[in-house]
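Quick notes on the structure that follows.
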Amino acid sequence: MNAAKSFSSRLAGWLPRIVVAPSLLVVIVTVYLFILWTGVISFTSSKFVPVYDFVGLEQFVRLWATPRWHTAVANLFIFSALFLLLSTGIGLLMAILLDQNIRSEGFLRAVYLYPMALSFIVTGTAWKWIMNPGLGIQKVVNDLGWTGFTFDWITDPNMAIYTVVIAGVWQSSGFAMAIFLAGLRGIDNSVIKAAQIEGASLPLIYRQIIIPMLRPAMLSVIVLLSYIAIKSFDLVLALTNGGPGSATELPSTFMFSATFRRNQMGVGAASAIMMLMTVAAIIIPYLYSELRERNNG
Amino acid sequence: MANALSQQTQIGDALSQKNRMRLGRLFIYGPLAVMAVLYLMPLWVMVVTSLKPLDEIYGGSFIGPPQTVTLDAWRAAWSEACIGTECTGLKPYFVNSLLMVIPAVVLSTGIGAINGYILTKWRFPGANFVFGLLLFGCFLPYQAILIPMARTLGLLGLAGSIPGLVFVHVAYGICFTTLFFRNFFVSLPDELTKAAMVDGAGFFRIFWSVILPTSIPIIVVSCIWQFTQIWNDFLFGVSFTSGGNSPITVALNNIVNVTTGRKQYNVDMAAAMIAAIPTLLVYIIAGRYFVRGLTAGAVKG
């Protein structure tokens, strides 16, 4: 009786761990073990199928000797920097405007947010069409009488990456707006009232009090947008397919074509490891601070 | 308009406080309206283009309303357009996506709910570490796991199949859903579960009759997020499936990237709309709850 009871209570004590174990196992295998596996492949001469011979850093050397990869890395920096800056800026501005007791707030919020529901493939398809110089914006403006107007960035190797920025910002700034808006709603009104009584002007109140108080929202926005930026594989594929030439290549599209189209699995794995290290450098400090704060709180 | 505004500013001092307020409102509503137009423009272009006959597209302006409205492009995109060598339209791929998204959303949300419950109400030593391990999965660049996953699906006999995709989406979805539910359950008072325990309720009973009924908002958030993520996924679809088993995003990309013949922009746009309608509907119907719930979790952290 006693033994049985202690067994069942011990079982009850272990039950949560037993229930969470399969998820943990799946994640350990599909995240951590697979990362390790990709890491191993990056040190082999794998081409079409994985082979497990150790060739040292050869694939990394080859990767960094590929001009296409340099384009991809440079593009990632241009794209991420502009995408983050513009999405955050526009999102914040719209959230502040929308927070001024707007009559049709619900409708406007839905309008700004709907692109987030779309697939990057859909967004890319739509923008590819809008920015097509022969049929899209350029033609409309030309037909209106301004015949010298050109907007052919999508076919211009020097400008094509900015078309990816435009489509990306269009898709994601509404999402940033939604998070900022929720942050603004969470701010205690009495702080603002007090500042107003002191005679501070509205822009000053925003700059000195409200925007600093949005720090947690800002952090969420930046982390989530960085994640979208590094993932933005489908957008490039649908919009420009990496072209013209390799003008809009990103690390994500580079990895995909190296691995699945050019049979250079080793180089593909090496590029994936480089991507992972970039993400880890951003995310791990963030996760660390988040989890530590929670422990203290 | 700018001129009118500056004039108004000049005489602004003479205006009453009320008029100045009105001017201020103009500065608020103006940019908001401009942004709304910019945001709606691509949707408008997609809809009108999909309703125009091809000759009108090549002859006219892309932004104007259609002179002749026709549903031919929609019909072609749904049941006639060629994807690779098969000219079946999007219909079978739409069905594929449905067969993939429904089990994947239900499973990942269910598992996330129970994980979140354990990680907040049944904390065990190392629970935080387990959470950290899961959380990193949210930010994983999937390129880092594509090759091993393709090999593993092959070994499991799931390569190129819908169940294979369901597995992949559940595996990486668990990370997000656990995060959502954990952040939500953290703010539920522990007294709730403690009281149920005193009454003799066990692990599953508490989950079922105490926790779940309170978590409708976060269940909605998790379902919407997972639904859009999985429906819109392209990378896993294109990497792990081929031919007739592809999800709709992959089929759409195939239709759009056809390079032979005169480009059927109206069919492309109708196809894009068809691929977008399910997630748009979800946002229109339940978007309000999504924003509320997601930001509560993400901002409070």
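Note: Cβ is positioned from N, Cα and C throughout, glycine not excepted.
Here TrEMBL flags A:73-288 as domain 'ABC transmembrane type-1'.
The annotation transmembrane segment is assigned in TrEMBL to A:20-43 (among others).
Taken from TrEMBL, the feature transmembrane segment applies to A:76-98 (among others). A Cβ distance under 8 Å defines the sequence-distant neighbours of the transmembrane segment (A:76-98), meaning residues of its chain 6+ beyond its ends; these are 105, 108-109, 112, 161-162, 164-165, 168-169, 172-181, 183-184, 206, 210-211, 214, 218, 221-222, 225-226, 228-230, 232, 250-251.
Residues 94, 136-137, 154, 163, 166-167, 170-175, 177-178, 232-240 of the same chain lie 6+ residues outside the transmembrane segment (A:110-130) yet bring a C-beta within less than 8 angstroms of a C-beta in it. Here TrEMBL flags A:110-130 (among others) as transmembrane segment.
Under the heading transmembrane segment, TrEMBL lists A:159-184 (among others).
For the transmembrane segment (A:205-230), same-chain residues at least 6 beyond its ends with a Cβ under 8 Å from one of its own Cβ atoms are 76, 79-80, 83-84, 87-88, 91-92, 96, 168, 172, 175-176, 179-180, 182-184, 187, 191-192, 195-196, 251-252, 275, 278-279, 282-283, 286. Residues or ranges marked as transmembrane segment in TrEMBL: A:205-230 (among others).
Per TrEMBL, the feature transmembrane segment maps to A:265-288 (among others).
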